[in-house]
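According to TrEMBL:
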type    : residues                                                                       : note
DOMAIN  : B:3-191                                                                        : domain 'Electron transfer flavoprotein alpha/beta-subunit N-terminal'
BINDING : B:R211, B:G267, B:I268, B:S269, B:G270, B:A271, B:I272, B:Q273, B:H274, B:N288 : FAD binding site
Amino acid sequence: MKILVCISNVPDTTSKITFTDDGTTFNTAGIQYIINPYDEIALSKAIGLAEGGQGTITVINIGEANTEAAIRKALATGADEAVRVNAAPRDAWFVAHQIAAYAKDKGFDLILTGRESIDYNGSQVAAFVGELLGIPSVSTAKKIEIADHSATVEREIEGGKEVLSIPLPFIAGTAEGVAEPRIPNMRGIMSARTKPLEVIEPIEVPVLSKITRYETPEPRGTVTFVDAGEVEKLVDLLHNKARVI
Amino acid sequence: MSVLVYTENTNGSFKKSVYEVVSYAKAIADSLNTSLTAISIGDVEQSALTALGNYGASRVLNVSSDQLKQFVNQAYASVIAAAADQIGADLIVLSNSFSGKGLAPRVAAKVEAGLADGAVELPDVSSDNITVKKAAFSGKAFAITELTSAKKVIALNPNSFELRETGGNTTVETFQPDIPGNDLAAIIQDIVRTTDKVTLPDAEIVVSAGRGLKGPENWGMIEELADVLGAATACSKPVSDAGWRPHSEHVGQTGIAVSPNLYIAIGISGAIQHLAGVSASKTIVVINKDPEAPFFKVADYGIVGDAFDVVPRLTAAIKAYKGN
């Protein structure tokens, strides 16, 4: 089975998010980058499926040269080869076109990515790639089981789950529950250095949207403390002041 | 320019988030001096379709066929794109629900529209390029996104827009586009609903608990408090990682972001990743025995105390208040 895993490079979850140039530019000063946590789940699932010579894993990332640390980590974790599309990932529409352009004649049986990236939270790439390649997509997969040429996939819905039967190939955005995250071992780290990492140039994609600036949430007022012995007072405040109950 | 809104049904009926998205689309249509058409796919009763007129849809396209009884994003996207083409809609609005997330990019790609998902307020329509404020960085920021394409798709976050009953009439028409066979490759085997209560993303009140509860056996009091408030239950990441609660309840940067009117956090210290997922809540109550817990810094109301003592008394106090 040939598997393509799409990874993105995102600010670490502990990052304080700030902007410069009048709120038009994300401030990268002091930001540590990591592989998007949901993409790590996708990679871990792919490794589980490919184990024991059952398949090969290609990792694709759309990024400039500074994302190669993340790509090498993916190779160290267990991917066989990697491709970097040499461009800043403008938006999900752009990223999906690069993935689809690369994947379209490679015969992948399965494409996995995270259900969303934790920076722009688009949850768009899986469905865009599905549409561009004309294959089914599942945007928030909780469980994936492959047998022969078909998969059973559980999809998150509000208050439950939907169980789908999907023929290969398809693309899924993975959520928690699909696989336990794996970490590279020493042998993986050593072998990652010599695994192939191909760099290709992006295709042109029409611009349909652009982020003009950013805002941060309004700071909240100071907290009003209520004595632990006076819960009735809290109920009164929530009803009469906050008007939420 | 006209506006098309997709009204997603759950088991044949519309949830509150559908009326939110219709109200939102109607407000946009009004500022564009145009009309609003809704599209419903699947088996929905006539009375529910007609009721969409109360929220401003002057026309409803009803797509009801055996092939489309259940949600398949590929096929539903084809139907919505065909409807947009038929009525000449340049703006398509839908809910940023789990199904909406799978649908919106496919619809946008079909009509080559710029897509803004996770919209949190009405867009600026003063120029041809509609500008949308959307949630980004998992609640830590908003990205002001300009849609520069001729056609546009906006997906609205739940609990981000109030219901507006306009009280208008609507006409319901049958719409039967052709479905490409390739669109029906994915087949739904089963739908499992784990709760018959209000679901977390849609909930107006959320009662959430963390490691301070010491173990899954202590969640009874959290569920009781949630029950008296008609709230959904949630948890912090360590709790779902430990398997005390399902992943679907995990609120935070790598879980789900919520935007209820009231978020009650019990025994959660308030790590930055958790705070990101709750920052859009209108009112936050924190109950924690540690007065230094970082969560108090972003709370509106706080109680320093032991959850095992405070929560049952709070539940009783709310019961007493509701009884009056």
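Cβ atoms here come from the backbone N, Cα and C positions, even for glycine.
TrEMBL entries are annotated by machine, without manual review.
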Across every protein chain in view, the count of C-beta atoms other than its own within 10 A of the C-beta of B:I268 (FAD binding site) is 31
Cβ distance under 8 Å to B:R211 (FAD binding site), same chain, sequence separation 6 or more: which residues? B:S236, B:P238, B:V239, B:G267, B:I268, B:S269
Of all C-alpha pairs drawn from the FAD-binding set B:R211, B:G267, B:I268, B:S269, B:G270, B:A271, B:I272, B:Q273, B:H274, B:N288, the farthest apart lie at a distance in Å of 18
Binding-site residues, contacting chain A; criterion Cβ under 8 Å; candidates B:I268, B:G270, B:I272, B:H274: B:I272
On the 0 to 100 pLDDT scale, where does the domain 'Electron transfer flavoprotein alpha/beta-subunit N-terminal' (B:3-191) sit on average? 96
Taking the Cβ of B:H274 (FAD binding site) as the reference point, list residues of the same chain whose Cβ is under 8 angstroms away and which are at least six residues distant in sequence. B:G210, B:S236, B:K237, B:V251, B:G252, B:Q253, B:I268, B:F295
Local backbone state of B:G270 (FAD binding site), from DSSP in three classes: coil
If you count other CB atoms within 10 A of each CB, which of B:G270, B:I272 wins among these binding-site residues? B:G270
Coarse DSSP state, helix versus strand versus coil, of B:R211 (FAD binding site): helix
